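Shown next, in structure tokens, is the structure this report addresses.
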Amino acid sequence: MGERLFESAEGSQCGETFTQVPEDMLNKKTLPGVKSCESGTCGEIFMGYSSFNRNIRTDTGHQPHKCQKFLEKPYKHKQRRKALSHSHCFRTHERPHTREKPFDCKECEKSFISPASIRRYMVTHSGDGPYKCKFCGKALDCLSLYLTHERTHTGEKRYECKQCGKAFSWHSSVRIHERTHTGEKPYECKECGKSFNFSSSFRRHERTHTGEKPYKCKECGKAFNCPSSFHRHERTHTGEKPYECKLYGKALSRLISFRRHMRMHTGERPHKCKICGKAFYSPSSFQRHERSHTGEKPYKCKQCGKAFTCSTSFQYHERTHTGEKPDGCKQCGKAFRSAKYIRIHGRTHTGEKPYECKQCGKAFHCVSSFHRHERTHAGEKPYECKHCGKAFTCSIYIRIHERIHTGEKPYQCKECGKAFIRSSYCRKHERTHTINI
């Protein structure tokens, strides 16, 4: 029987004694009829149960919350079996093992294992802190965050990947990057089993199951499931474009778009396919390409069951069921499937051609045309038909070509119902009806 370390005072409701104050009482500073707590070991007096319990553990060496991860694994390094005397410390300690990060920043997609961590980080958004950046004037709460923030201005990248030599400003960034080499995807969805290498991607995916959209625009009421989409949408109201290319003078509203744009100048393609060696500017293009090897089609239409490899194709397809009208150009009225294609089309009116070939100087108004042109210099034909082996420089060409083998004819004449493998063939045919009229 353990020593009774704490006893309720006379006149209390139950008079029960405890070896430790119960957890449900810890959040109460005092209770009616309960006196201050005196330690039998050292004689120190405490007004609260929590302080009393902590002191008892210090005196007796009692550590009730033991981490099973340390007990289960025979660690070869200097890591010891950890025992923590406070239950909330134990829960916080366990999170690196479970990868649980329950505290989300409402401003961005970063998540944290403890309230203290997120409070410290939130100051980077509010700008209320004692450490002021000499470059931009931003104030930070913590010296380590201040030093880390300064690297965004100085360009210092002290953390290097041992596999490929790529350098990063933050230690956490190099750890995440290393997963591209190891293939580690530690965050697994309990609903569908899909795995992710980033906690932010995992949480965003979870919301596709729950339908949760916690980020709501104050201007128009539109809601979003991730902060990046929400902030991007906000800029459609403000017109803000905070990311400017110093080489070309082009301003962009999204950091990811800015980074992708800069790779056009540097030629950097950090995302490399392990199967065929092809490299990509953006992670989304890389993931789409990976599916060409695996055959994965994660986007499935609930109406007809048709599946797609990328979200944009899926969204375009959904409009065939909803009857949603595509967006139109303000200059000429031409209709397009998305705002992205309106922007690209708009360059035909402005004459803007932001993508220039380093080999011959030829410029292009859209990135896909630029990449296609680059392949004419390299002689590269990365898209090969699985049926006959014929190779193509562009993904759209192989999709059209494969319809010869599959017999798919997705473009149908509204007048007579005749179907075609290409939209241009369908439009040409439809004109025969107007001529006959």
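Glycine is no exception: its Cβ is also placed from the backbone N, Cα and C atoms.
Here Swiss-Prot flags 103-125 (among others) as zinc finger, drawing on sequence analysis.
Summarising the annotation, Swiss-Prot assigns zinc finger to 131-153 (among others).
Note on the zinc finger (159-181): residues 148, 151-152, 197-198, 270-271 of its chain, located 6 or more positions outside it, place their CB under 8 angstroms from a CB of the stretch. Per Swiss-Prot, the feature zinc finger maps to 159-181 (among others).
For 187-209 (among others), the entry in Swiss-Prot reads zinc finger, with the evidence type sequence analysis.
DSSP labels the residues of the zinc finger (215-237) in these numbers: 11 helix, 4 strand, 8 coil. Per Swiss-Prot, zinc finger is recorded for 215-237 (among others), and the stated evidence type is sequence analysis.
Secondary structure counts, DSSP: the zinc finger (243-265) has 11 helix, 4 strand, 8 coil. According to Swiss-Prot, the feature zinc finger maps to 243-265 (among others).
Residues 180, 256, 260, 263-264, 309-310, 382 of the same chain lie 6+ residues outside the zinc finger (271-293) yet bring a C-beta within less than 8 angstroms of a C-beta in it. Marked as zinc finger by Swiss-Prot on the basis of sequence analysis: 271-293 (among others).
Secondary structure by DSSP for the zinc finger (299-321): 11 helix, 4 strand, 8 coil. Residues annotated as zinc finger in Swiss-Prot: 299-321 (among others).
Under the heading zinc finger, Swiss-Prot lists 327-349 (among others), citing sequence analysis as support. Panel annotation: around the zinc finger (327-349), residues 312, 315-316, 319, 365-366 of the same chain, lying at least six beyond its termini, place a Cβ under 8 Å from a Cβ of the stretch.
Residues 264, 267, 344, 347-348, 393-394 of the same chain lie 6+ residues outside the zinc finger (355-377) yet bring a C-beta within less than 8 angstroms of a C-beta in it. Annotated zinc finger per Swiss-Prot: 355-377 (among others), in sequence order.
Same-chain residues lying 6+ beyond the ends of the zinc finger (383-405) with a Cβ under 8 Å from its Cβ atoms: 368, 372, 375-376, 421-422. Residues annotated as zinc finger in Swiss-Prot: 383-405 (among others).
Model confidence over the zinc finger (411-433) stands at 89, taken as the mean pLDDT rounded to a whole number. Per Swiss-Prot, zinc finger is recorded for 411-433 (among others), and the stated evidence type is sequence analysis.
Across the range of the zinc finger (383-405), the DSSP-based residue counts are 11 helix, 4 strand, 8 coil.
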